[in-house]
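Features as listed in TrEMBL:
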type	residues	note
DOMAIN	19-418	domain 'Major facilitator superfamily (MFS) profile'
TRANSMEM	20-44	transmembrane segment
TRANSMEM	56-74	transmembrane segment
TRANSMEM	95-116	transmembrane segment
TRANSMEM	165-193	transmembrane segment
TRANSMEM	225-247	transmembrane segment
TRANSMEM	267-285	transmembrane segment
TRANSMEM	297-318	transmembrane segment
TRANSMEM	324-346	transmembrane segment
TRANSMEM	367-387	transmembrane segment
TRANSMEM	393-413	transmembrane segment
Amino acid sequence: MKERSNLSGPKGKLKLGRPLTLLLTAQFISNIGDWLHMLALLTMVGLKWNATPWEITAISLCMAAPMLLGGPFAGVAADRLNRKALMIVSDVVRAVIVASLIFVGSLAQVYILLLLKGSMDVIFSPAKSGKLKELVPASQMDAAVSLSSSIEQITKIIGPALGGLLVAMFGINACYLIDAVTFLVSAAILVFLPKGRRANSLDEAEGHSGNRPSFRRDIVAGLKIIAGMPAVLSGILMLVSVLLVLNIADSQLVTLFRIIPGVSGDLLGWCVGAGGIGTLIAALLTGRMGGSRHPLLFMGIGAVLMGAVFAGAAVATANGKPGTVIYILLFSAFLLAGAGAGLVFIPFQSMLQKRTPEAYTGRVFGTVNSLASASVILGPVAGGALVTASGPVAAFIVSGLLTLLLGAAMLALRGYIDRKDQAAVAGNAKEKAAAYS
C-alpha cells in the first residue's frame with residue numbers, strides 16, 4: 001500500500017514518507033501551542049494572581065487526573081477505534097477549551113477547563129503513539145522516537161520564548177488564542193493522514209474473531225504484555241518513581257523563583273527553554289547511540305544527573321545574590337537537568353515502542369500514561385505540603401537527592417534486570433516455537 005511505503009528502508013535510518021511527515025508536522029504545531037498556553041497560564045496564576053503553593057499544585061492535579069483515570073480506557077479505544085479520527089476530535093475540542101481560558105476570572109474556572117482539556121489529552125496521546133507504530137518499522141523506531149522527542153524539545157525552546165514575547169507585546173490572552181489556532185491547524189493536517197488499520201484488523205492480529213473482548217480483558221492483556229518484559233517493567237517503575245520525586249519540586253518552580261528578590265518574569269520561560277535545549281541534546285545523542293539498546297543504563301545516568309542538578313540549583317537559589325550570575329547558574333542548571341530528563345524518558349520511549357506489539361500499543365501506552373499521571377498527581381501533593389512546611393528550597397533538595405538515589409539504584413541493578421529480561425525473551429521464543437511445531 002502506498003501509505004505504508006515508508007516501512008521499508010535501511011536498518012536504523014529513518015525514511016520520512018508523507019504520512020509520517022504529516023504526523024510529525026501536526027505534532028510540532030500542537031506542541032508549540034501547548035507551551036504557549038502553559039507559560040501564559042503559569043504567568044497568570046503564579047505571578048499575576050499570586051497563587052499559593054496549594055493552588056499551583058491543584059493546576060498540576062487537574063491536568064494529570066484525567067490521564068490517571070482514563071488512560072487505560074483511552075488506550076483500549078486507541079486500539080479499537082480509528083486513531084486518526086481520535087486525534088482530530090481531540091485537537092478540535094482542545095481548541096475550544098483553550099480559547100475559553102480567555103474568559104476565566106477565577107481559579108475554579110481554570111481548574112474546570114484544565115480537567116476538560118486533560119480528558120482530550122488522554123485520548124490524543126495513545127492514539128498518536130499507535131499511529132507512529134503503524135507508520136514506522138521496528139528497525140527505524142529509535143530514529144523515529146528520537147525525532148519525535150527532538151520536536152517536543154525544540155518546541156520547549158521556541159514555545160516559551162515566543163510565549164514570553166507575546167505576553168509582553170499583546171498580553172496573556174493572545175497566547176491562549178494562538179494556542180487554540182494551533183490545535184485547529186494540527187487537526188487540519190491530520191485530516192490528510194491515511195486512515196490506517198480498522199479495529200477488526202487488530203482483532204484478527206490478536207487472534208480474536210466474532211465478539212470483541214471486554215474493556216477489562218483488553219486492559220488485562222496490556223498488563224500481561226508489560227509484566228512479560230522485565231526490562232520494560234523495570235523501566236516503567238523507574239520512570240514512575242522519578243516522576244514522583246521530581247514533581248515534589250518541579251510543580252513548585254514558580255514558588256522557588258519567587259524567593260529571588262526582583263525576579264524577572266521572563267526567568268521561567270528561559271529556564272524551561274534551557275531544559276528543552278538539554279533534552280534536545282539528549283535526544284540527538286540517544287538517537288545516534290541507539291538508546292533502546294541500553295535503556296536502563298541511560299535512565300540511571302539521567303536520573304543521577306537530574307537529581308544532582310536539582311539539589312544544586314536549590315542551594316544556588318537560596319545562597320546566590322540577585323542578578324545576572326544567578327540567572328546564568330539557573331539557566332545552566334536547567335540545561336543539564338533537561339539533558340538528564342532526556343536520558344531517562346527518550347530511551348524508555350524507544351524501548352517501549354520497539355518491544356510492544358502494534359495491536360497492544362494503545363493499551364500499553366495508556367497504562368504507562370496512567371501510572372505516570374499517578375506520579376504527577378501524588379508528587380505535587382507531597383510538594384505542596386513540603387513547600388508549605390519547609391519552603392521551596394528544602395523541597396528541591398529532597399527531590400533532587402531522592403532522584404539521585406533512584407538513578408544509582410538502577411545502575412546497580414541493571415545487570416540483574418537485563419539477565420532476567422533475556423531469560424524472558426528466550427522463554428517466549430521457545431513457547432512460540434513449540435506452538436508452531
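Counting begins at 1 with the first residue displayed.
Heads up, the Cβ atoms here are built off N, Cα and C, so glycines get one too.
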Among 56-74, 165-193, 225-247, 367-387, the stretch with the most Cβ pairs under 8 Å to the transmembrane segment (297-318) is 225-247
Quick tally over 56-74, 165-193, 267-285, 393-413 of CB pairs under 8 Å to the transmembrane segment (367-387) gives the top stretch as 56-74
Quick tally over 20-44, 225-247, 393-413 of CB pairs under 8 Å to the transmembrane segment (324-346) gives the top stretch as 225-247
The predicted model's mean pLDDT over the domain 'Major facilitator superfamily (MFS) profile' (19-418) is 77
